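Student: So Swiss-Prot has the following annotated:
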- 1-54: domain 'ClpX-type ZB' (DOMAIN)
- Cys13, Cys16, Cys35, Cys38: Zn(2+) binding site (BINDING)
- Pro122, Thr123, Gly124, Cys125, Gly126, Lys127, Thr128, Tyr129: ATP binding site (BINDING)
Amino acid sequence: MARIGDGGDLLKCSFCGKSQKQVKKLIAGPGVYICDECIDLCNEIIEEELADADDVKLDELPKPAEIRDFLENYVIGQDTAKKTLAVAVYNHYKRIQAGDKARDARGETVELAKSNILMLGPTGCGKTYLAQTLAKMLNVPFAIADATALTEAGYVGEDVENILLKLIQAADYDVKRAETGIIYIDEVDKIARKSENPSITRDVSGEGVQQALLKILEGTQASVPPQGGRKHPHQEFIQIDTTNVLFIVAGAFAGLEKIVSDRVGKRGLGFGAEVKSKADIDTTDHFAEVMPEDLIKFGLIPEFIGRLPIVASVTNLDRESLIKILSEPKNALVKQYTRLFEMDGVELEFSQDALEAIADQAIHRGTGARGLRAIMEEVLQPVMYDIPSRDDVAKVVVTGETVIDNVLPTIVPRKPSRTERRDKSA
């Protein structure tokens, strides 16, 4: 117990024995005292124990095959992209658990560098959804940012640090947790510079943004304004280390297929070359053959490409895939709308030709999987307006004719109960 020292009336810490003159603060309890230094030490011990408890052990980290199987439950097709992402994500979090360092067979320390991901492919093919599903499986903070809203520091628009603020907000302002999250930057093809040659004028929303993103992609200690917006000198900043943040950068890259085609086509010159028509070549096949030189020609700077070593490409969804997307995944659209109708006590049914017609419309509109919900809304909107006000409907059946000819779905009336028949006859 803390007592008055022999040399005078000085109080002492009950834990370390230091007098009140040797410490900044001495806090009194019932018969005991504790100094500020002992409090700090206790806090450090508690934080270390909590961190150890929160860390996912290596044997608990899902293996690439398990990650791919999980994605299969939610995303139809894109098998190559799933495997690429599964391996990349597994290696990324394995690296974090090793503390950025690992020892080889000779006991020497090996630095493990971060590998961010570049996703290429047409709109509506599942790029964003793949990243969202990954974050959901791993239970890590996830943030989506739009590259088109970003500008170089000092110009009207968002600073790149605002991307990090979204991640911190997704982690409920737990910075330590945010530092192992995933950031998905969409529409990155829209920040390509106008020419593959460096510009002498400022390109504040193109090359300037790429330059600004370099540091956070690679890993840096960033200062983030807690309320967003521009930085100003009287504002306190949140410090976040992006070394262990996984960046998935994506875009449709319209026009890149021509650059790849021109490069690949040069190999086929000469009398013995195989001649292919444009109809024989699927544009999405070209994304699988993308090289850094193609991305530089498109308008990405070499330093930016160098920080995105893993390339995953998604392909256009065919008719069969779109039909599967409507009904097979765990949260398929048909299942979602069926549940909505069940809440009103009505059964909803889609015929096979209705699903085929919805898929055909999505292909015709060129919207991919993203357009399926809009078509479903158009088809079901009249009955969704009418059904809640009625109690005589048992079932709604959507057929191919409903989708193609824009006619109302078939409504199956509910048979009156015995009590209702008795009341009516009375």
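Here, residue 1 is simply the first one shown, and the rest follow in order.
Using the three backbone atoms N, Cα and C, a Cβ is placed for every residue, glycine included.
Are these features on the surface or tucked inside, and what touches them?
Tutor: In the predicted structure, the domain 'ClpX-type ZB' (1-54) carries a mean pLDDT of 77.
Over all protein chains present, the Cβ of Cys38 (Zn(2+) binding site) has 18 other Cβ atoms lying within 10 Å. DSSP assigns Cys38 (Zn(2+) binding site) to a helix in the three-state reduction.
Thr123 (ATP binding site): 18 other CB atoms within 10 A of its CB, across all protein chains.
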Student: Ten-angstrom check, please: count other Cβ atoms within 10 Å of the Cβ of Cys125 (ATP binding site), all chains counted.
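Tutor: By my count, 25.
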Student: Ranked by the number of other Cβ atoms within 10 Å of their own Cβ, which of the binding-site residues Cys13, Cys16, Cys35 ranks first?
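Tutor: That would be Cys35, with the most Cβ atoms nearby.
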Student: Between the binding-site residues Pro122, Thr123, Gly124, Lys127, Thr128, which lies closest to Cys38 (Zn(2+) binding site), Cα to Cα?
Tutor: Thr128
Student: DSSP on Gly126 (ATP binding site), three-state: which is it?
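Tutor: Once the DSSP labels are grouped into three classes, Gly126 (ATP binding site) ends up as coil.
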Student: If you measure Cys125 (ATP binding site) to Cys13 (Zn(2+) binding site) at Cα, how many Å is it?
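Tutor: Cys13 (Zn(2+) binding site) has its Cα 65 Å from the Cα of Cys125 (ATP binding site).
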Student: Identify, among the binding-site residues Pro122, Gly124, Gly126, the residue whose Cβ has the fewest other Cβ atoms within 10 Å in this structure.
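Tutor: Among the binding-site residues Pro122, Gly124, Gly126, the lowest count of other Cβ atoms within 10 Å belongs to Pro122.
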Student: What is the total of other Cβ atoms whose distance to the Cβ of Lys127 (ATP binding site) is within 10 Å?
Tutor: 24
